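What follows is a set of notes on a single structure, which appears directly below.
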Amino acid sequence: MSEVITFTSGKGGVGKTTTTANVGVGLSLLEKKVILIDTDIGLRNLDVVMGLENRIVYNLVDVLTGKCRVKQAVIRDRRYPNLSVIPSACVREHPPITIEAMQTLMEELKESYDYILVDSPAGIDSGFDLAVCAADKVVVVTTPQVAAVHDADCVLRLLRRKKDISTYLLINSFRKQLVKEGNMLQISDICELLNTELLGVVLEDEHIIISQNHGESMMGKKGTSQTCYENICRRLVGEAVPIPDFLQEKHRFRGFFWNKPAKQTINS
Amino acid sequence: MREQSVTAAKERLKCMIHYENNILDEETMGYIRRDIGNVITKYVDVEPENIEIKVILKEYKKRELQCLNSTN
């Protein structure tokens, strides 16, 4: 059963593209056939983050406007045999692309791939509509900062109106020290405010910047975020991986399961 | 001692999220105004455009005061 999963956020800069890239690589390493789609038309960055910027011939706009066949725009990542990418375009004007064309593309891709991960642009306008139009699951990425949480709530409210979409929350850039000092929202605070099932938490990790400088993912590398992404991938394929209580000093986790409502299990 | 900043963040977000999840959107307000206007014109000889309708959610009003008092 193929799945279209869109990563969106409302607020820009919270880590949608980084998440899409790393989860994509992670799923491909679990022997799933994965394709990533960059729907940020105008400011393409998925290919940049993945070090594929020199391999672009055709892009998503070319596919959706019928300028090329789908296969011509697909870039196969040579480092990861199960992973492909369709990059976006760097255009200023609004190209004449339709929701219908996007839905048709997603249906076609479902025949060849297990997971289609869509990297949404920031905001809640037409770019967002395009990114979620064919989604089975939408993951709302937020950080523990007030503006990001507020924007995530706006996005979640819009998504609640759509039928047949399961929504999940992903908390990015979690900083244990700030939380311990009482200067950053805790996981339970965010879950309570946004009242959405939690997919995972990614720790703040400067190694992400370093790996992106090289155009590489975090998977298989040193860094606190690596395990977080791995766990997220495992949860997406159906494994029950508890979310660790990061504030515990030792590695004895008083964890809780991600697929129960946060309100009931946070303090269990 | 200054309260931990996370407490302020939580309170402010609670207020913002509660407010935005409870205000009526323009479309629904339009329908409400139209329906109330129709009822009024049945009993009172007045043009619908001369009727001003405000809808106040009592529960929200109480909450709004709580939020205004807790954050300065």
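A Cβ is built for glycine as well, from the same backbone N, Cα and C atoms used for every other residue.
Taken verbatim from TrEMBL:
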DOMAIN    A:3-159  domain 'AAA'
BINDING   A:K11, A:G12, A:G13, A:V14, A:G15, A:K16, A:T17, A:T18  ATP binding site
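All features noted in TrEMBL, drawn onto the structure.
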residue: A:K11; record: ATP binding site; CB count, 10 Å: 20
residue: A:G12; record: ATP binding site; CB count, 10 Å: 13
residue: A:G13; record: ATP binding site; CB count, 10 Å: 11
residue: A:V14; record: ATP binding site; CB count, 10 Å: 27
residue: A:G15; record: ATP binding site; CB count, 10 Å: 23
residue: A:K16; record: ATP binding site; CB count, 10 Å: 29
residue: A:T17; record: ATP binding site; CB count, 10 Å: 25
residue: A:T18; record: ATP binding site; CB count, 10 Å: 27
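In the three-state DSSP reading, A:T18 (ATP binding site) counts as helix. In the three-state DSSP scheme, A:K11 (ATP binding site) falls into the coil class.
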